[in-house]
């Protein structure tokens, strides 16, 4: 069943073509500081289109015939932000021109999980940890079957990898997936700018024929607010989650001796969420974001899970309508985007945060017990607790800014969290939230 028309169409997030490029000659690096190309101006934004080509053999750490790794390379890329600043950098991965929203992530590890998190669709992820690529990548740590982010921004690209599970380098991984990346740029200065000014639209380009002013105009005219990004990351048809949960993933076993059938709405769901639910004894049916609530309820599930996902919850009214038709009928658990959709379905409002929460070190307080957990978070929007109807309880708050981080409505048999209890990457402090969902389904059977 097709979804109702959204407020705006989803952007094309992948490059249109890929081809080899020659290796760069040894040269002295160009300074990576910003320079201003024009005054800051406000204005509407429209969707930009990227054409990019894969890079071959020009990354930091290129291996030459004598087997020596040589990390030097010319600065061949630019990141132009909508505030007029231009940041020189060196490219790796794909080349071309790409537009997206620049956000920073404070996680020290887990870059592969971040790369494959669908919630980053349409965004450039800037890693505040300066050393990235040290452990390479492997097929086990992916959170989805592809990368949806616009690009990766890092300070230092490791010239070697060291991990027993590594199967390829970060450079090779991005080339195969046609994802742009830049390094040797002042990520700390960019992070400070985002912290002060908020998330900024940026254009990343290796195309030397484009002027800084042209790239700046692209950044100012691009739009992400009000765009339905979920339709570009959700699955095409329902399926049963059949991934065997290895002992390595089961850091806690035996949480429940009962089996529960859970229908999970895929708004950009992460694999480790499904693994954690499976570890708690759940049989999971995953359905697309636009799947009718009536068909889900006909399956007579023990519970319904609303997943994480990218973008603006106000841009997907069809998803809000689905949540409204399901809550109160079966136990419901929502994470991140699911939490925001539940808030809207209950009559509340959501708003865009200044620079969002992205990282694995956010303290949250459970107001019911006073317990403080360190959580993994990834969202640019939040629920306004003042807009919620009577009876809905705010159960958790983010201790950095006191924003709403959790909801509970016992009458409707629902709970939701603004952060990721599966924590991939991140600490496992909040894994007990899955146990709460299990208890809700168990009590509903009585």
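Backbone N, Cα and C atoms are what each Cβ position is placed from, and that goes for glycine too.
Keep in mind that what you see is a predicted model, and the values were worked out from it rather than measured.
The annotation active site, nucleophile is assigned in Swiss-Prot to 336. If you draw a 10 Å sphere around the CB of residue 336 (active site, nucleophile), it holds 28 other CB atoms from the protein chains shown.
Among the features that Swiss-Prot reports, active site is placed at 420 (among others). In the three-state DSSP reading, residue 420 (active site) counts as strand.
Neighbour count (other Cβ atoms within 10 Å of the Cβ, all protein chains): 24 for residue 422 (active site). Per Swiss-Prot, active site is recorded for 422 (among others), and the stated evidence type is sequence analysis.
Per Swiss-Prot, the feature compositional bias 'Low complexity' maps to 1-32.
What Swiss-Prot lists as domain 'Glutamine amidotransferase type-1' is 261-446.
Taken from Swiss-Prot, the feature region 'Disordered' covers 1-44.
Marked as transit peptide by Swiss-Prot on the basis of sequence analysis: 1-50.
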**Prompt:** Relative to the Cβ of residue 420 (active site), which residues of the same chain, six or more apart in sequence, are found under 8 Å away?
**Reply:** 270, 273, 308, 335, 336, 375, 376, 377, 378, 426, 430
**Request:** For the domain 'Glutamine amidotransferase type-1' (261-446), would you mind checking the mean pLDDT of the predicted model?
**Result:** 96
